[in-house]
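Visitor: Per TrEMBL, the feature Na(+) binding site maps to G50, V53, N57, N311, L437. Residues or ranges marked as region 'Disordered' by TrEMBL: 1-31. TrEMBL lists 74-95, 116-143, 196-217, 229-256, 276-293, 305-326, 425-446, 467-484, 499-520, 541-564, 584-612 with the feature transmembrane segment.
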Amino acid sequence: MEKQPLPGDVNHTTESQLDGDAVEENQEGSSEATRVGWNSKLEYFLAQVGFSVGLGNVWRFPYLCHQNGGGAFLLLYVVLMLVVGIPLFFLELAAGQAIRQGSIGVWRSISPRLAGIGYSSCVVCFFVALYYNVILSWSIFYLGNSFQYPLPWETCPKEGNITVKECEESSPTSYFWYRKALDITDSIDETGSFNPYMVCCLLAAWTIVCLGMFKGIKTSVKVMYFSSIFPYVVLFCFLVRGLLLEGASEGIAYMFYPKLEIWADVQVWRQAATQVFFALGLGFGSVIAYSSYNPKNNNCHRDAFTVSAINFLTSVLATLVVFAVLGFRANQKVNDCISSNLHKIKLQILTGKVDNGLIPTLDFLHPSSVTLKDYNTWFNENENSFPGNLTACDLEKELQKGAEGTGLAFIAFTEAMSLLPGSPFWSALFFLMLLNLGLSTMFGTMEGILAPLTDRFKTLANNKTKFTIFSCVVGFLLGLPFTQRCGNYFVLMFDDYSATLPLIIVVMFETFSVSWLYGADRFLTDIEAMLGWRPSVIYKYLWKYICLFAMLGLLGATVIQMFIKPPTYLAWSRDEATEKYLNYPGWALALLALLIIFAMTPVPVALIHTVLKSRLKKTSRDAEMGQYSIVNSSDMTELDLNNGTAGAPS
């Protein structure tokens, strides 16, 4: 359904301009006379929630919560969400809805000198789309391999009658991930060849995105009815199944155990703020693009709280699921550890190498009946005096293994699912959920690229389908380096660094532009005209001071952290069959710097271009005026009298 521009849409930019050239600039880059609108509020919610709820809710939030104080981190996250996240989210929603343009058009409406903010958002969105779709290709690969029984990552392969050493020294899931799926090199310096399976999966991922986007929100929203809702169905299924598993309660207890002393660590605040920042998708331009399709009287204030609450509750739900299942996995590992050590103790006793005073009062015949507490109590008392190579069994240590990022999804969680009855079903369900979570986020990311550019350039707007297909083809071609054997290291580099700093800077410019250049009071007045009521004055002070200084603090803390601790990446050593952290080489750091500079270049370029253009026009007008002589009124009167024209009728 095509909707006519709302009253005031055309003239909005002239009302809000800060530069005299704004009218001409907007006329040159005006988009179509009509703008697509959402068919229902449900479609809009599915789009916004689908974009903001992504893979980070499933594999980054649980890890951060566990590593940074459990319940204490949750409380800190909620506080930062209320004072920083929601106000900035509301700002982007209101700006997009008021001006009904993508990110480029919104900031050009405030001033053409700020148009670079929108272009920087597009560049960062493109960076994210390149590596994010690679993660989708991994999910497609695992989804395809889930329709086997037994699962190919349940046991180690054999060469003849000998188990592959690399797998035996690590685990079947780690071996399958690093050797079969990625066939990874030992470092980022070793390029390696292209992985043909991943190339095909990447092509499939971009094809799905293209098919879902080629008609704009009219087609993508139809896919979102499934991609945004299905993950919640899967999470609830996993939650019910996970809570019934042995060890689930221990996993959840470890997850939420509060460690209030962690609040004294500045880095915990930085990580919590960064997670709030990325959880809501601030700075991408996607939030602005989606809200620009809303009618002007839509209650975007309520939407900001609703979407943020759904995002937070989804993170908590995913955390419960993850640590219920990881608790089951850790419990299985601990039981295996106890059984192995009891077997060693039994052998030492049978060979007579143990004094009677050291023989533990543990049930060797039924190792499963021996509790972790009883075993560790005996082990701590007799570790140094008992002969043999015994080990401690630590539940929390097992919970921490592989609990972050790709390690959580493709190693730890995958291993836990392989222990469940009917493991292929749960595996297929899990990776289908990851695929759908990623797709809904990818749709929003691509909308953050396509909507601003088609709004800005009429040629692209008239050929939007072709432009969408072209963008997906370019994305696939530029994403091919990520399918090399060292591609995973580039994914980590892009995920950790290429988007973080530019997005923080983009949001900082957005906040400054609205609250100081345009004026927070003026912006609140515009919102009042839209909604029919004025939001609380507290937003004025949050935007002008709290949010702006929070962005500056986050930017400073991130830069300082990079200087204090040089950027590292997690590499896989084939010979040692283990993960280890390596420093990025000099050329990789140079590439990181270039990516960050390239992402932020549009901001000063747009500013310089607009200033120069304004001065050239002013010079041109002055030169034009200089071609005419100025005659004063007395001279004109005398001339008219001499010619006998004074008082002549016109």
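Cβ coordinates are placed from backbone N, Cα and C, and glycine is handled just like the others.
Nobody curates TrEMBL annotations by hand; they come from automatic prediction.
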Visitor: Between the stretches 116-143, 196-217, 229-256, 276-293, 584-612, which wins on the count of C-beta pairs under 8 angstroms to the transmembrane segment (425-446)?
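Guide: Ranking 116-143, 196-217, 229-256, 276-293, 584-612 by Cβ pairs under 8 Å to the transmembrane segment (425-446) puts 116-143 first.
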Visitor: Under 8 Å between C-beta atoms and at least six apart in sequence, can you list the same-chain neighbours of L437 (Na(+) binding site), or say none if there are none?
Guide: V53, G54, L55, N57, V58, S227, P231
Visitor: Which residues, sitting 6 or more apart from G50 (Na(+) binding site) on the same chain, put a CB under 8 Å from its CB?
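Guide: Result: M224, S227, S228, S440, T441, F443, G444.
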Visitor: Counting across all protein chains shown, how many other Cβ atoms sit within 10 Å of the Cβ of V53 (Na(+) binding site)?
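Guide: Other Cβ atoms found within 10 Å: 26.
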Visitor: Report, as numbers and ranges, which residues of the same chain sit near the transmembrane segment (229-256): CB under 8 Å and 6 or more residues beyond its ends.
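Guide: Residues packing against the transmembrane segment (229-256) from afar: 46, 53, 62, 65-66, 70-71, 74, 314, 317-321, 323-332, 395-396, 399, 420, 426, 429-430, 432-433, 436-437.
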Visitor: Counting only residues 6+ away from its ends, which parts of the chain sit with a Cβ under 8 Å from the transmembrane segment (541-564)?
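Guide: For the transmembrane segment (541-564), the list is 80, 83-84, 87-88, 91, 266-267, 269-270, 273-274, 277, 497, 500-501, 504-505, 507-508, 511-512, 514-516, 520.
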Visitor: Around the recorded Na(+) site, report the further residues of that chain (criterion: Cβ within 8 Å of the mean position of the Cβ atoms of G50, V53, N57, N311, L437; site residues excluded), sequence-ordered.
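Guide: Residues close to the Na(+) site, other than G50, V53, N57, N311, L437: V49, F51, S52, G54, S228, P231, T314, S440, T441.
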Visitor: For the transmembrane segment (467-484), what are the same-chain contacts with Cβ under 8 Å, counting residues 6+ beyond its ends?
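Guide: Sequence-distant neighbours of the transmembrane segment (467-484): 126, 129-131, 133-134, 137, 191-195, 198-199, 202-203, 206-207, 209-210, 213-214, 216, 446, 449-450, 453-454, 460, 490-491.
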Visitor: So which residues does the transmembrane segment (499-520) touch in its own chain, when a touch means Cβ under 8 Å and the partner is 6 or more beyond its ends?
Guide: 16, 18, 88, 91-92, 95, 107, 110-111, 114, 117, 120-121, 123-124, 127-128, 274, 277-278, 282-284, 539-540, 543-544, 547-548, 551-552, 554-555, 558-559, 596, 599-600, 603
Visitor: How many neighbouring Cβ atoms, not counting its own, are there within 10 Å of the Cβ of N311 (Na(+) binding site)?
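Guide: Looking across every protein chain shown, the total is 24.
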Visitor: So for N57 (Na(+) binding site), how many other CB atoms are inside 10 Å of its CB?
Guide: 25
